[in-house]
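> My structure is below; once you've seen it, I'll send some questions.
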Amino acid sequence: MAITYLKSGRSDSARAEDDRRTRETVEAALADISARGDIAVREMAAKFDGYAPDSFRLSQDQIDALIATLTPREIEDIRFAQAQVRRFAQIQRDSMKDVEVETLPGVVLGHKHIPVQAVGCYVPGGKFPMVASAHMSILTASVAGVPRIIAATPPFQGKPNAAVIAAMHFAGAHEIYVLGGIQAIGAMALGTETIAPVDMLVGPGNAFVAEAKRQLFGRVGIDLFAGPTETMVIADDTVDAELCATDLLGQAEHGYNSPAVLVTNSRALAEGTLAEIERLLAILPTAVTAAASWRDYGEVILCDTHEEMLQVANEIASEHVQVMTDRDDWYLDSMVDYGALFLGPRTHVANGDKVIGTNHTLPTRRAGRYTGGLWVGKFIKTHTYQRVLTDDAAADIGRYCSRLCMIEGFVGHAEQANIRVRRYGGDNIPYGEAAQ
Ligand SMILES: NC(=O)c1ccc[n+]([C@@H]2O[C@H](COP(=O)([O-])OP(=O)(O)OC[C@H]3O[C@@H](n4cnc5c(N)ncnc54)[C@H](O)[C@@H]3O)[C@@H](O)[C@H]2O)c1
Ligand SMILES: [Zn+2]
């Protein structure tokens, strides 16, 4: 077994120190919002985004005025992307069936799907105005039938971004707030004098946003841990270094802390990709962030076999996993831990991010071990019900229940069963004893 790091990223201890600082910042900020409401939110918005208007909520007139600044082409492109996201989300929703079934004679069990009643969708926008994130959370919540959808996004370069606001509006947001970071997440979850709290928070964001959602989980629901973008390219010598380097940098540009990892069994491809990345960083306009990510978090891992590559890939459980090999289907069958797969050299992560229709809000920091990405089902709660229809069923299941309760010593529980066994089955069970 030979797995060699031709390039490694930051140490685990350095990453843990970053996490500790983020955790403390978020704790203090959420406590402040909880104590001082709108005043704290306004102070943070002024401090972090230099933006504190009379109202963070946009009026319909403001929304219309922003949309009017877009070109017909921009509007058409946003609507095209939303049509793709809606189409796939609707098919996924249709795959979720209510059930009602007679499991024993006279015993009926069922479940029904009920949308979360109020959600807060975070649309990131610190470094880039992430139009696509509006489709992913707000539109998907709309398809799920969520009755109250509120949405927040930070100002971009000091003011609301027209394309993001248009996408939020077209996707079906009922309230739009120009508010970012911990202050947006805290205000939506905890509520303030001007924002009624929601039941669930969804959407991706930077480390502060993801940590704020994590800390609020329990008080509200969250979709998943969707922090700074990660990407992995699994490639063999069926593809070239330029393609691999382009795909790694394409996601490393998200921020200064976006891991991009190449896993390969080809030394020539590994070395070629390292060289291509240096060449492209010299001409990529977003190289400032992409280069920082690559320097601190980029990795090139050389393996002997596809089995080793699979093992490494499952272990890292990257948010995006691009597979460009002579056996892509084998990876589709064998990968178990990841956010989403992108199969074959024609496929790429930017398609998934922006337009193709699958959801781009995906698990990071190895959360792919226990959850997939955001999808319509995350907005749906599955609630069960039961009904006992006949006297015989009440007595038959009741006798089991009575005895099982008494094994555990739950006499009051047993009596819930016993009273039915007496009434519907005619059994003569002394109070506080098990049925025979
Ligand atoms: N996992 C996913 O599915 C996924 C999808 C898309 C984007 N993303 C990630 O979303 C992130 C977007 O990040 P972004 O920063 O551009 O936008 P963002 O909207 O997530 O965060 C901007 C906010 O961060 C806050 N902030 C900035 N510096 C701060 C500080 N020092 N202390 C407290 N708060 C601070 C500000 O309030 C600002 O409004 C990227 O990391 C990207 O990789 C993840
Ligand atoms: Zn991306």
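Every residue gets a Cβ built from N, Cα and C, even glycine.
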> Which candidate from ASP199, ASP304, ASP326, ASP353 does TrEMBL annotate alongside GLN251, HIS254, HIS413 at the Zn(2+) binding site?
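As annotated by TrEMBL, GLN251, HIS254, HIS413 share the Zn(2+) site with ASP353, chosen from ASP199, ASP304, ASP326, ASP353.
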> According to TrEMBL, THR229, GLN251, HIS254, ASP353, GLU408, HIS413 bind substrate; identify which of HIS306, HIS320 is listed for that same site.
HIS320
> Ten-angstrom check, please: count other Cβ atoms within 10 Å of the Cβ of HIS254 (substrate binding site), all chains counted.
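Its Cβ has 24 other Cβ atoms within 10 Å.
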> Run through GLN183, ASN206, GLU319 for me and report the recorded positions whose CA is within 10 Å of the CA of THR229 (substrate binding site), in sequence order.
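Cα within 10 Å of THR229 (substrate binding site): ASN206, GLU319.
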> Less than 6 Å between Cβ and the nearest atom of ligand 2 is the rule; apply it to the recorded positions GLN183, ASN206, GLU319, HIS320, GLU408.
none
> So among TYR122, GLN183, ASN206, all listed as binding-site residues, which is physically nearest to HIS320 (substrate binding site)? Use the C-alpha atoms.
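Of the binding-site residues TYR122, GLN183, ASN206, ASN206 has its Cα closest to that of HIS320 (substrate binding site).
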> So how many other Cβ atoms are close to THR229 (substrate binding site), meaning within 10 Å of its Cβ?
26
